Amino acid sequence: MAVERTFSIIKPNAVAKNNIGAIYARFESAGFKIIAAKMLHLTKEQAEGFYAEHKGRPFFDGLVEFMTSGPVMIQVLEGENAVQRHRDIMGATNPDNALAGTLRADFADSFTENAVHGSDAVESAQREIAYFFSENEICPR
């Protein structure tokens, strides 16, 4: 398997409930290396740009409002088959459908406030990483 990078967000609801450490522990126990991380309070423009592919969909405005409601943690994870493994650890988008022990089953509050975001493909991971991080902010180890 190839070593990949994926992009991850711990969303405002999980940050507000002090779940950052618990989520990071899950990443590391799953074998991921956290090679970049920072806390941000997204602006409306940042959130709209990041989620631009969803513009015009019924949930877009609520998603932008939620993602700008408080600080988020953004990180780059590195590991074997990182994109798919991160998605598996996150669980289903709808926490009602997420398997027990996944991040969304354990930390989500609702479909929108579902605790975490993760890239859905290697190509989107590259785009999402570049949206928030410069090369000198990424520290392979």
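Every residue gets a Cβ built from N, Cα and C, even glycine.
Some features that Swiss-Prot has for this protein:
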ACT_SITE  His117  active site, pros-phosphohistidine intermediate
BINDING   Lys11, Phe59, Arg87, Thr93, Arg104, Asn114  ATP binding site
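Structure coloured by features recorded in Swiss-Prot.
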residue: Lys11; record: ATP binding site; Cβ contacts under 8 Å, 6 or more apart: Phe66, Met67, Val72, Glu113, Asn114, Ala115, Val116, His117
residue: Phe59; record: ATP binding site; Cβ contacts under 8 Å, 6 or more apart: Thr112
residue: Arg87; record: ATP binding site; Cβ contacts under 8 Å, 6 or more apart: Gly118, Asp120
residue: Thr93; record: ATP binding site; Cβ contacts under 8 Å, 6 or more apart: Arg104, Phe111, Asn114
Among Arg104, His117, all listed as recorded positions, which has the most CB atoms within 10 Å of its CB?
Arg104
Across all chains shown, how many C-beta atoms besides its own are within 10 angstroms of the C-beta of Asn114 (ATP binding site)?
23
Based on DSSP, name the secondary structure state of Arg87 (ATP binding site): helix, strand or coil.
helix
